[in-house]
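**Q** Before I ask anything, here is the structure I am working with.
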Amino acid sequence: MSVQSNKNLSESAQVDQQSIQPFPRSQKIYVQGSRPDIRVPMREISLDVTPTDFGGEINAPVTVYDTSGPYTDPNVTIDVRKGLADVRSAWIEDRGDTEKLPGLTSEFGQRRLNDAELSAMRFAHVRNPRRAKAEHNVSQMHYAKKGIITPEMEYVAIRENMKLAEAREAGLLVEQHAGQSFGAAIPKEITPEFVRSEVARGRAIIPANINHTELEPMIIGRNFLVKINGNIGNSALGSSIEEEVAKLTWGIRWGSDTVMDLSTGKHIHETREWIIRNSPVPIGTVPIYQALEKVNGVAEDLTWELFRDTLIEQAEQGVDYFTIHAGVLLRYVPLTAKRVTGIVSRGGSIMAKWCLAHHKENFLYTHFEEICEIMKAYDVSFSLGDGLRPGSIADANDAAQFGELETLGELTKIAWKHDVQCMIEGPGHVPMHMIKENMDKQLECCDEAPFYTLGPLTTDIAPGYDHITSGIGAAMIGWFGCAMLCYVTPKEHLGLPNKDDVKTGIITYKIAAHAADLAKGHPGAQIRDNALSKARFEFRWEDQFNLGLDPDTARAFHDETLPKESAKVAHFCSMCGPKFCSMKITQEVREYAAEHGLTDEQKAIEAGFAEQSSRFKDGGSVIYKQV
């Protein structure tokens with residue numbers, strides 16, 4: 001998306017062309033649900049036929065999870081000025097428990113809407129918001145507890161399965177390791193009823209604000225695929241609305257399951273409207289950031305009334321989950337005094353400063369039940385913030401961190417009492433041997449509510465490479481039971497990420513999440529690995545590229561040393577060359593076995609050795625021969 005900053009965005013905004021290019025040899029497919037408007041998108045990767053040297057068999061296409069929304073569907077016309085097509089309005093209206101409001105009800109929202117100076121940057125198609133009718137609760141958890149399977153629940157069940165039954169029939173899952181799930185209850189098939197039961201139990205959430213009707217529903221929970229979040233957002237130092245929308249579309253192209261808008265600069269309200277209207281994935285925010293902007297950055301001036309208005313403002317726009325730092329209690333703040341890095345969470349430091357300035361308990365904690373009333377009126381999910389997370393491995397697993405975690409467990413039970421969906425945020429910076437303690441304690445304190453962690457980073461010595469230091473920890477905690485991993489880019493601790501950094505962070509975390517799914521033994525997780533390994537063994541280079549998480553980079557790396565098209569059908573790569581390719585040698589052993597009627601590869605190798613030995617002896621046992 002490229003726009004001159006002095007133009008009217010509602011007239012000039014353009015989609016980022018890189019974000020709408022279909023992936024090579026891929027097509028968008030839609031799996032039909034029980035009603036015509038349940039159409040679940042997936043990406044299907046077509047594969048080449050196995051070369052005749054290896055049997056010439058047809059390889060079935062591989063279906064993969066797709067977060068890119070309509071952006072990679074060539075049959076859909078994208079216009080970011082109008083936003084994405086509606087997905088959920090009919091489902092919401094059919095339930096009959098919501099009402100359309102005559103306009104925005106938050107004071108700040110009304111003020112921004114009536115400010116003529118903002119018209120050039122305002123999203124042109126602002127809709128009247130929807131809210132629960134009086135005495136009604138519209139959360140997915142509320143429906144689940146009543147035994148209702150919503151279209152959203154059916155949608156995510158279809159999405160999680162990724163045509164698993166068809167893949168099994170096609171022979172794509174001949175091999176899959178059992179995995180170690182550490183007590184998770186992962187079924188062989190995800191059904192709508194299983195989704196309902198997990199949401200009712202609080203072990204999973206479907207973040208789906210009733211005002212975000214463009215959303216393609218997804219689920220976060222330890223018994224489902226591990227998800228990843230990508231952060232975007234402007235700051236006082238730079239970035240514009242159009243750049244943030246471009247980051248959104250770029251991030252979901254590469255696999256971001258949710259996106260958090262962490263904007264702290266100007267025009268937060270307008271930026272968020274553009275992002276939500278163009279997002280097929282859940283959008284999360286940290287409302288205290290905007291509340292702080294409203295009091296010119298003076299934390300002491302924050303009030304419950306101002307924060308409440310901010311929650312309503314964002315809920316009416318369609319934010320799907322709020323990070324709320326309600327566990328930063330006055331009594332925990334002194335516990336951070338001897339830390340190496342103190343309080344590193346922005347939200348945590350804001351609330352700690354407010355508590356100390358007023359010598360009062362955190363107003364997010366004291367007004368928590370009132371917050372729940374707002375959340376259930378719009379179906380906004382809690383992401384209970386870890387404001388006292390460790391910012392260095394020296395501070396990992398200390399009294400402040402775990403004290404807050406225990407409080408988050410108490411708040412989780414209050415949220416569940418109101419049938420409000422809830423996940424828990426976690427660290428941070430934790431060395432490898434201390435990671436499992438974090439997961440175990442979270443499961444214990446928060447009764448298996450989904451865990452959502454930033455990494456964790458496993459060492460502090462690699463600025464510029466913290467996507468790697470954190471990717472290690474993310475893979476581990478995902479295996480242990482973490483439901484969603486917040487990505488870290490190479491710019492962590494150094495600056496705002498650009499598009500390349502966003503892609504690098506997402507790919508790193510897709511690797512971590514997938515590695516965790518494999519280790520847990522998630523059904524079907526190994527399909528893509530098996531298909532790529534088979535393509536690698538059969539020297540189907542294009543299939544290797546296209547089955548990868550990043551086909552562009554894989555192809556570019558291959559072409560650096562073997563750029564000719566003929567190299568893409570060669571039976572070797574540049575690492576070993578044609579004479580020393582282990583896979584080529586293995587194939588020759590198999591061919592020898594077939595020619596000589598041997599069914600055991602080891603016997604074939606031994607027979608080959610014996611044959612060569614006889615030739616050596618028949619030649620006079622001479623080491624060197626005159627030629």
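Cβ coordinates are placed from backbone N, Cα and C, and glycine is handled just like the others.
A quick note: this is a predicted structure, and the numbers were derived from the prediction, not measured.
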**Q** Quick one: which of 1-21, 85-105, 127-147 does Swiss-Prot have down as region 'Disordered'?
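**A** Matching range for region 'Disordered': 1-21.
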**Q** Quick check: of E193, E198, E425, E492, which does Swiss-Prot put in the same substrate site as N231, M260, Y289, H325, S345, R346, G347, D386, G387, L388, R389, Y452?
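**A** Record source Swiss-Prot; matching candidate: E425.
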**Q** Have a look around G347 (substrate binding site) and count the other CB atoms within 10 A of its CB, chains all included.
**A** 22
**Q** Name the one residue among Y289, S345, R389 whose Cα is closest in three-dimensional space to that of H429 (Zn(2+) binding site); these are the binding-site residues.
**A** R389
**Q** If you measure from the CA of H493 (Zn(2+) binding site) out to 10 Å, which binding-site residues from the list N231, G347, Y452 are inside that radius?
**A** none
**Q** Let me check the 10 A CB neighbour count of H493 (Zn(2+) binding site). How many other CB atoms are there?
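**A** Around H493 (Zn(2+) binding site), other Cβ atoms within 10 Å: 13.
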**Q** In the three-state scheme derived from DSSP, which category covers G347 (substrate binding site)?
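**A** Its secondary structure by DSSP: helix.
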